[in-house]
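Enquirer: Below is the structure I would like to discuss, written out as structure tokens.
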Amino acid sequence: MAHCVTLVQLSVSCDHLIDKDIGSKSDPLCVLLQDVGGGNWTELGRTERVQNCSSPEFSKTLQLEYHFETVQKLRFGIYDIDNKTPELGDDDFLGGAECSLGQIVSSRMLTLPLMLKPGKPAGRGTITVSAQELKDNRVVTMEVEARNLDKKDFLGKSDPFLEFFRQGDGKWHLAYRSEVIKNNLNPTWKRFSVPLQHFCGGDASTPIQVRCSDYDSDGSHDLIGTFHTSLAQLQAAPAEFECIHPEKQQKKKSYKNSGTICVKMCQVETEHSFLDYVMGGCQINFTVGVDFTGSNGDPSSPDSLHYLSPTGVNEYLTALWSVGSVVQDYDSDKLFPAFGFGAQVPPDWQVSHEFALNFNPSNPFCAGIQGIVDAYRQALPQVRLFGPTNFAPIINHVARFAAQAANQRNASQYFVLLLLTDGAVTDVEATREAVVRASYLPMSVIIVGVGCADFEAMEQLDADGGPLHTRSGEAAARDIVQFVPYRRFQNAPREALAQTVLAEVPTQLVSYFRAQGWAPFKPPPPAAKGPAQAPQA
């Protein structure tokens, strides 16, 4: 499971802080806290204290891990420091603000009003936070071939492969090993990329040893030859290096080489990360599809999966809140289309597989996750649960919008469809076709199975064992479906479901944009630095 974990640093500044010192301005410091659950907050770090300043820009940054698949609630507190004790209880509180880390990274620069307590602003005070990923995203990309390698196998040609080692601490450390090319003395290896830090420690002059060997299945690989170089020399590609076998060189005066290694291309490139795309302005468009088929049971019966408990929740709503609360931070307008499928809908009571939950087909958008919840609760008594369970219509619906975004040929939009269902999909072939077509578009599909049905068909859509294929044999470009049964998380912490179903989204998003060759889309920075309405964390 590919969780998106990386280190980010936050830069903080404030404007128009209230003055607590008589005859001078305050001496502010910022402290960062993170919600660790159960109403508890833990301190992650503090900035330096800035003397006599009502609009400080703190030079010390605050560092923390970023996890896409969880809501990381943060609290910033600004204090006027008038003593040397580390405790803040004896210092004046100048205001605070709460938000999620997702809101910060998706906004690029987030400005919030400072509050003394809920509903009481700290004058005109504001706090501005920006994020930067602490990661060297540079990679070394190479294309390498060889000519006239020595024959090492008695009954055939050599089976050559390459190994690149970097020098460090007096040792040679393996940085990359190529695939084996069978029975070939003039091989061309696949293009490959290695993180720059791993390849040479970020230093283009670091000695690099390249070994070419003949593969043996018992592990006793035979050396064909070796040479020494550096990234700086490799970047002069196209370049050729003689492959030398040291023992042969010593024994034979007529020995020239054991072949030639040809570096056709060697470049240092930036391999963009998920945060690069998000902070570059990529909007994640979230759409929900809810199963209203008859197998859910009569919503008025406590046995129904659609039955609303006295607290107003059920498995459908719990799953929606879990996933939606994470994804909503990455969509600036917080307007989410929501659909139902498998029900007879008024006024003609025809079965629909993509009806708007708010019954407004021209504007199916709901305001925030709460808006989807409200639309669901209002739609439930107005439809007749029926069938069958068809996924393809909603997948194709979202795919049409994803195709329009793809036609813009930039990394400005990605689509995530959440399907909540209680049973096996009926239109299996049509759904396979829809998923395969969608795999060529900027979108991912998350399926959460509620109830205790047989979800084997869903597991097949989640093609972890290999690419999904249509009946005609067309293969998916990439794996875009993630399926989990809700019951597996029934007794787990609330955030566990979202952590599992969203874990693959960053990788899926990056793989799509990289395949298209699209760098992060960077819209103009916000025009004004005005305070925003404090979002609900």
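A Cβ is built for glycine as well, from the same backbone N, Cα and C atoms used for every other residue.
Per Swiss-Prot, the feature Ca(2+) 2 binding site maps to ASP21, ASP80, ASP82, ASP92; the stated evidence is sequence analysis. As annotated by Swiss-Prot, Ca(2+) 1 binding site applies to ASP21, ASP27, ASP80, ASP82, with the evidence given as sequence analysis. Feature annotation from Swiss-Prot assigns Ca(2+) 3 binding site to ASP153, ASP159, ASP214, ASP216; the stated evidence is sequence analysis. Sequence annotations record features per position, and here Swiss-Prot assigns Ca(2+) 4 binding site to ASP153, ASP214, ASP216, ASP222. According to Swiss-Prot, the domain 'C2 1' annotation covers 1-114. Annotation comment: Swiss-Prot describes 123-245 as domain 'C2 2'. As annotated by Swiss-Prot, domain 'VWFA' applies to 285-505, with the evidence given as sequence analysis. Residues or ranges marked as N6-acetyllysine by Swiss-Prot: LYS171.
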Enquirer: Mind looking up the mean pLDDT for the domain 'VWFA' (285-505) in the predicted model?
Expert: 93
Enquirer: Binding-site residues ASP80, ASP82, ASP92, ASP222: which have a Cα within 10 Å of ASP216 (Ca(2+) 3 binding site)?
Expert: ASP222
Enquirer: Near ASP80 (Ca(2+) 2 binding site), how many other Cβ atoms are within 10 Å of its Cβ?
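Expert: There are 19 such Cβ atoms around ASP80 (Ca(2+) 2 binding site).
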Enquirer: Any idea which of the binding-site residues ASP92, ASP216 has the thinnest Cβ neighbourhood at 10 Å?
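Expert: Taking ASP92, ASP216 as the binding-site residues, the minimal 10 Å Cβ count falls on ASP216.
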Enquirer: Measure from the Cβ of the residue listed as 'N6-acetyllysine' and count the other Cβ atoms within 10 Å, all protein chains considered.
Expert: 8
Enquirer: How big is the gap, in Å, between the Cα of ASP214 (Ca(2+) 3 binding site) and that of ASP82 (Ca(2+) 2 binding site), rounded to a whole number?
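Expert: Just about 71 Å between their Cα atoms.
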Enquirer: Among the recorded positions listed here (ASP82, ASP92, ASP159, LYS171), which has the Cα closest to the Cα of ASP222 (Ca(2+) 4 binding site)?
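Expert: Nearest listed residue in space: ASP159.
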Enquirer: Looking at the binding-site residues ASP27, ASP82, ASP159, whose Cα is closest in space to that of the residue listed as 'N6-acetyllysine'?
Expert: ASP159
Enquirer: What three-state class does DSSP give ASP214 (Ca(2+) 3 binding site)?
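Expert: Note: ASP214 (Ca(2+) 3 binding site) is in a strand by DSSP.
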Enquirer: Note down the number of other Cβ atoms within 10 Å of the Cβ of ASP27 (Ca(2+) 1 binding site), including every protein chain shown.
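Expert: Total other Cβ atoms inside 10 Å, all chains included: 19.
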Enquirer: Hey, what's the Cβ neighbour count for ASP159 (Ca(2+) 3 binding site) at 10 Å?
Expert: 20
Enquirer: From the Cα of ASP27 (Ca(2+) 1 binding site) across to the Cα of ASP80 (Ca(2+) 2 binding site), what is the distance in angstrom?
Expert: 5
Enquirer: Just the number: how many Å between the Cα atoms of ASP27 (Ca(2+) 1 binding site) and ASP82 (Ca(2+) 2 binding site)?
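Expert: Cα-Cα distance, ASP27 (Ca(2+) 1 binding site) to ASP82 (Ca(2+) 2 binding site): 7 Å.
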Enquirer: Please report how many Å separate the Cα atom of ASP159 (Ca(2+) 3 binding site) from that of ASP82 (Ca(2+) 2 binding site), as a whole number.
Expert: 72
Enquirer: I need the most crowded of these binding-site residues: ASP82, ASP214, ASP222. Count other C-beta atoms within 10 angstroms of each C-beta and give me the top one.
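Expert: When each Cβ's neighbours within 10 Å are tallied, ASP214 tops the list.
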